[in-house]
Structure formats: structure tokens, C-alpha cells
Amino acid sequence: MSCRELIILGCSSQQPTRMRNQGAYLFRWNNEGLLFDPGEGTQRQFIFANIAPTVVSRIFISHFHGDHCLGLGSMLMRLNLDKVTHPIHCYYPASGKKYFDRLRYGTIYHETIHVVEHPVDKEGIVEDFGNFRIEARKLDHLVDTLGWRITEPDTIKFIPEKIKAAGLRGPIMQDLLRDDHVTVNGNTIYLKDVSYVRKGDSIAVIADTLPCQSVVDLAKDARIMLCESTYLEEHLHLAKSHYHMTAKQAATQALAAGAQQLVLTHFSARYLNSKEFELEAGKIFPNVAAAEEFRSYPFPKNPSSK
């Protein structure tokens, strides 16, 4: 089974601190590396995390404020230096195309990697292929900002005792998957009677925003909701004026969405102890963690989920 985890490469907001780098988040999932909002210094954070940057296959930029994208150029150059042969898919708000180009071509280097751009100009499904369905929604921030929902496909799981009782084995199993029914010893066996559908897991990544319906829609039943919480409730006035959320607001949104786990991030440099965010949110949403750099948050596949 491929690893399924979120790795925090940085969790500070606008400026880094001695303890926190600007944000960057890596999901390793279904043999892909999904990198979200690589801030300044992301390339170096991979070294500290002991992860090869070559695992990255897709890069998502929520918006073009510097702390969410300044690491893009250096990451593309590093992947170029490492001579990766797989395509690097990049997703970003279409209105920020000129900023993407400036980051990508901001220095002199000979680009040999295959970068596939996906400028997003409308909400909904951006891409749907074998590994994932990628959805985007507009968030409520000062500039065009996208939140993301990534969902793996549903899979059919056989129920062993029912398969055995029906006398099914060997190549006929593939016939059953293809045709939805087979005949064995004069009996018609239907796929639905010997199997169940395991719903694919989803994750949600919520960057800078005020509380809004898009957050709830993106995070509905998500295994992990990675969500900004720039401020504590005592600074609610700052959250409102800068179009950010508090830990309490993030927890309220997670509860409304029915998310399974909430990971808070994007902490203002004014706070030295990020555990305060966990405590504030935990009063509303119990399964919450304040992001810690280089920590892994696994979400193993539950084979019995239906």
C-alpha cells in the first residue's frame, strides 16, 4: 500500500519565525506528491524533512501572495536540476497567470522538465483522472484565492465469505467486475450481492479566507481538513480586517463540514506557542492538531469503510 500522509514543511503566515518557515504542505498519496502553497525556503525544508523533492508531481497555488508562492520558482528549478521525467502539473487561479510566469521564469536557467499548467478560471471540477478528482472553490480573501478538494476514486471491494459461498474464483472475478453479473452452475451472481463500494477518501486544503460556504463544501466529510487559522479569537478584529480566520472559526467550519481531522496552520508570527490554537479549536472540534514542521499526519486507507 502506498503511503498516505500530510507532511508539514512550513506553517507560518506572512513572515517566517525562528521556529516556523513560511507555509508549504506535501500530501503523499496514491504514489503522487501533491505540494500546496510552497512559500519561501520550501526547497530547503525538503532537506530537513529528509524527503526527495522529486516526489512532487503536482503543485497547487491558492493565490499569489508571496507566502503562498515564493518557493515555486526554486522548486521548479530543483526538479529541473534533478532531471525528473514525470510531468509537473501546476494549478493556480487564472487571474494570476502573469505572477506564475514571473515566478517560473524569474531567473536564467534551461528548463527541461515538462510543466503542465492548469490555470483555473471557474469553480468546480478542474481535473478528473485515474488517481484523483481535483475540485476548486473560490474563497473569501483580498485577492482571487482558491481552496482545493482532492478525492480518490471509489473502489469495489469483494466480501470474502460471500465470494466463497457463491463459488467464485479465478478469471470469472474479472468477468463479474466487467459485466456486473456472471452465471455459475446455473445461478446468476450479481456484483452488488457479493461486494460493496468503498468510497474514495477526500482531503481539503483551505488557504487564506474568511469563513464562507465554500470552506464547508470543500471539507465535507474530508479525512483531513488542512485549514488556515492565522489568529486566535482575541484578535478577531484583525482576522476580519485581513480576511483570515481564527482557530475557533476554523473549528466551527470543520464541524459544519463533518471533517474527520482538522490540521490548523498559517499562524501569525505574533504567536510563539501554536498549541494555543489547538486548545481554542479543541473546545469546538475535538480531533484537531496545530501543525508542527516536519510532522507527518497519516490518513491510512480504511479497507472496511463503505
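Glycine too: its Cβ is placed from the backbone N, Cα and C atoms.
Since we're looking at a predicted model, the values are computed, not measured.
Now, the feature entries from Swiss-Prot:
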type	residues	note
BINDING	His63, His65, His141, Asp208	Zn(2+) 1 binding site
ACT_SITE	Asp67	active site, proton acceptor
BINDING	Asp67, His68, Asp208, His266	Zn(2+) 2 binding site
Helix, strand or coil at Asp67 (active site, proton acceptor) [DSSP, three-state]: helix
Which of Asp67, Asp208, the listed recorded positions, has fewest other Cβ atoms within 10 Å: Asp67
Other C-beta atoms that fall within 10 angstroms of the C-beta of His141 (Zn(2+) 1 binding site): 21
Under 8 Å by Cβ from His63 (Zn(2+) 1 binding site), counting only residues of that chain that are 6 or more apart: Cys69, Pro93, Gly96, His141, Val143, Asp144, Thr145, Leu146, Ala207, Asp208
Site of maximum Cβ density within 10 Å, from binding-site residues His65, His68, His266: His266
Near-site residues: Zn(2+) 1, ref His63, His65, His141, Asp208, CB cutoff 8 A to centroid: Ser62, Phe64, His68, Leu139, Leu142, Val143, Thr145, Ala207, Thr209, Tyr243
Shell list (Zn(2+) 2; ref centroid = CB of Asp67, His68, Asp208, His266; cutoff 8 A): Ser13, Gln14, Gln22, Gly23, Asp37, Gly39, Ser62, His63, His65, Ala207, Glu228
Where His266 (Zn(2+) 2 binding site) sits in the secondary structure, as DSSP reduces it to three classes: coil
